[in-house]
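If you look up Swiss-Prot, you'll see 12-70 marked as domain 'TRAM', on the strength of sequence analysis. Marked as [4Fe-4S] cluster binding site by Swiss-Prot on the basis of sequence analysis: 83, 89, 92, 170. The annotation S-adenosyl-L-methionine binding site is assigned in Swiss-Prot to 282, 311, 316, 332, 359, 379 on the grounds of sequence analysis. Look at Swiss-Prot and you will find 405 tagged as active site, nucleophile.
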């Protein structure tokens, strides 16, 4: 049978044309949502109630994406971004929205996701909020050596790219660390080994400022001397991390960063937590303290109670819970962090606290050390705790505090708890990352009587 050529619609023209859109809300990733020819259109950078000019960049069956070209009618929440690297650096993505607007959006998005995907409606509590700028106590900067210019660039990666955007300061990084970026860029370019340097990690700890330089080969004596001189001049602890993951202090002594909790709680003795660069630690010190305090308030640990802390890390929640008198069992999947947690417990003189390494997706309910659990705290990674909840149903703890860095997995896991007879009592936003779309939350569940 003969087949005749039929011209397809010129989709490239449709994609390249600039069009006007009315934005009515934000998605949970912070992109503006509009409607166009029966499709949802996602427009990063656009805000609710705005009329914008945008260019379609992607067409799918049920949705499309567009690039913001111009804001024709701005929202009352639109502000001028303060960072000169905004939109080139891949870090912040909501600086164009007021801080109050960001928090209102995040709180509403959290409630909406929980209601839509878990059918859960709890009593919303005030969001945990802090400083909007200079809040990060830790950051990892990427390096890129240009073989042509023989220069090393230091900065953050562009959004969805391996490209390094050179920066000389960062408005969300703790001020002392931000002030070190430009001097470090100059220093690293003076080293003979600059072509073999990896990332630079900066840490603002309670016992000083730290820098970790990833190296792929040993540095010569002159380079080591320059690093030691820089460290002394800037009053910073510098260590090198080699290919084996080992750390070496440039002055021959390795000092690890420390932060304290409960130091602002009346009548409580502070706990100190030491951590190794590279291991997970909450980057917002102010919000972390508030988050731990809220978890303690909700769980109200009492002497004689047994509390299970899953995904316990190096003891961020475990140590304060034990300090207030409960018997705490911490379980973590990363062996190095279990070792660090045990060292932290010993350093703080806590004998009512034990840590175990375990596969949290496996059934741990029959482990000889598990026993009866009165209360449970969960602080999983973005993937959530779905597998863990399958065996935790046997434990039937009276209360569950779930700390989440992903509202989607929180909603999915909440549905499991609700099916097991729990009721959502409290739900609140944790604004751990101002100027970004990231939503963290804490939820309290209680077993129905």
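Note that Cβ sites are derived from N, Cα and C of the backbone, with glycine treated the same way.
Under the three-state DSSP scheme, residue 332 (S-adenosyl-L-methionine binding site) falls in the strand class. The distance from the Cα of residue 316 (S-adenosyl-L-methionine binding site) to the Cα of residue 83 ([4Fe-4S] cluster binding site) comes to 32 Å.
Looking only at the recorded positions 83, 89, 92, 170, 405, the one with its C-alpha closest to residue 379 (S-adenosyl-L-methionine binding site) is 405. Other Cβ atoms within 10 Å of the Cβ of residue 83 ([4Fe-4S] cluster binding site), summed over all protein chains shown, number 18. Per the record's binding annotation for S-adenosyl-L-methionine, residues 282, 311, 316, 332, 359, 379 show a top Cα-Cα distance of 22 Å. All protein chains considered, the CB of residue 170 ([4Fe-4S] cluster binding site) has 25 other CB atoms within 10 Å. Across the range of the domain 'TRAM' (12-70), the DSSP-based residue counts are 5 helix, 38 strand, 16 coil.
Under the three-state DSSP scheme, residue 83 ([4Fe-4S] cluster binding site) falls in the coil class. Within 10 Å of the Cβ of residue 311 (S-adenosyl-L-methionine binding site) there are 22 other Cβ atoms, across all protein chains. Look at the Cβ of each of the binding-site residues 282, 316 and count the other Cβ atoms within 10 Å; the largest number goes with 316. Here the Cα atom of residue 170 ([4Fe-4S] cluster binding site) is found 23 Å from that of the residue listed as 'active site, nucleophile'.
By neighbour count, meaning other C-beta atoms within 10 Å, the densest spot among the binding-site residues 332, 359 is 332. Ranking the recorded positions 83, 89, 92, 405 by the distance of their Cα atoms from the Cα of residue 359 (S-adenosyl-L-methionine binding site) places 405 first.
Geometry remark: residue 332 (S-adenosyl-L-methionine binding site) versus the residue listed as 'active site, nucleophile', CA distance 17 Å.
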